[in-house]
Amino acid sequence: MIVLSGAIGAGKSSLAKLLSEHLGTEAFYEQVDNNPVLPLFYKDPKKYAFLLQIYFLNKRFESIKKAMVQDNNVLDRSIYEDSLFFHMNADMGRATPQEVKVYDELLDNMMQELPYAAAKKAPDLLVHLDISYDTMIHRIEKRGRSYEQPEQDPTLPEYYHQLLDRYDGWYDDYDYSPKMKLDGDKYDFVENPEDRQKVLDMIDEQLRQRGTLD
Ligand SMILES: Nc1ncnc2c1ncn2[C@@H]1O[C@H](COP(=O)(O)OP(=O)(O)OP(=O)(O)O)[C@@H](O)[C@H]1O
Ligand SMILES: Nc1nc(=O)c2ncn([C@H]3C[C@H](O)[C@@H](CO)O3)c2[nH]1
């Protein structure tokens, strides 16, 4: 299982599609446009942060169980990032310490239930898409989900800055599996075929080194 990571608009869904088509495997996407809680969360984060987190945790767990049956299936966000989001929101006062405790214990408990073989407790490879604040905003505007637009809510730019800051530390500390970082500002794998090939080659190389690609 290959897991992608990165902030909002980093290009995870786009890369998940490309990569799974390239490898002939299946992609599993985060529940966004059909997620009934996400717009509620952006409107009233304090009220809905915990519910949204449980929603994502449940869906993510379902995806992981399906994705892990075959080498090189692609997941468009890791379960570890859900926790990053929630702890950041909790630190902003949008969840109580008791909610955090329940979430952390539930996550731990669920992870122990994943029927991985001992050697497969984690992804085969984490591919992290690193983007700058300017790229993030540009992509959020390009994609156009209304509740994510900075002009909808003056607190969103600060939220996005904090998220990117946390992601830097998170990637450095991540040690559940082999990992690689791609410069998401530099490689336009959506529009530019040469960039696309370069990105796929870099990932193939890592997969060969890990023995999941011939
Ligand atoms: N490398 C790239 N170069 C140019 N445009 C890109 C790139 N990656 C993504 N985009 C564009 O940015 C927007 C967001 O991309 P995408 O939905 O793949 O991001 P994501 O990481 O899955 O976001 P989210 O976490 O919010 O679901 C889309 O409009 C996509 O076409
Ligand atoms: N609060 C919160 N917790 C999460 O675990 C989480 N995962 C994703 N998201 C938000 C970011 C994008 O708007 C949108 C798509 O990634 O969903 C989250 N928000």
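Cβ coordinates come from backbone N, Cα and C, glycine included.
According to TrEMBL, the feature active site, proton acceptor maps to ASP76. Summarising the annotation, TrEMBL assigns ATP binding site to GLY6, ALA7, ILE8, GLY9, ALA10, GLY11, LYS12, SER13, SER14, ARG139, ILE140, GLU141, LYS142, ARG143. Annotation comment: TrEMBL describes GLU30, TYR42, GLN53, ARG77, ASP82, GLU148 as substrate binding site. Annotated domain 'Deoxynucleoside kinase' per TrEMBL: 2-205, in sequence order.
Features as recorded by TrEMBL, highlighted on the structure.
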residue	record	CB count, 10 Å
GLY6	ATP binding site	25
ILE8	ATP binding site	19
LYS12	ATP binding site	26
SER14	ATP binding site	18
GLU30	substrate binding site	20
TYR42	substrate binding site	19
GLN53	substrate binding site	26
ASP76	active site, proton acceptor	24
ASP82	substrate binding site	21
LYS142	ATP binding site	9
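Of the listed binding-site residues ALA10, ILE140, the Cβ environment within 10 Å is emptiest of other Cβ atoms at ILE140. Annotation: ILE140 are the recorded positions among ALA10, LYS12, SER14, ASP76, ILE140 whose CA atoms are within 10 angstroms of the CA of GLU148 (substrate binding site). The number of other CB atoms found within 10 A of the CB of ARG77 (substrate binding site), across every protein chain shown, is 22. Looking only at the domain 'Deoxynucleoside kinase' (2-205), the predicted model's pLDDT averages out at 94. When the Cα of TYR42 (substrate binding site) is compared against those of the recorded positions ILE8, ALA10, SER14, ASP76, the shortest separation belongs to ILE8. Among the binding-site residues ILE8, ALA10, LYS12, SER14, GLN53, GLU148, the ones whose Cβ sits under 6 Å from an atom of ligand 1 are, in sequence order, ILE8, ALA10, LYS12, SER14.
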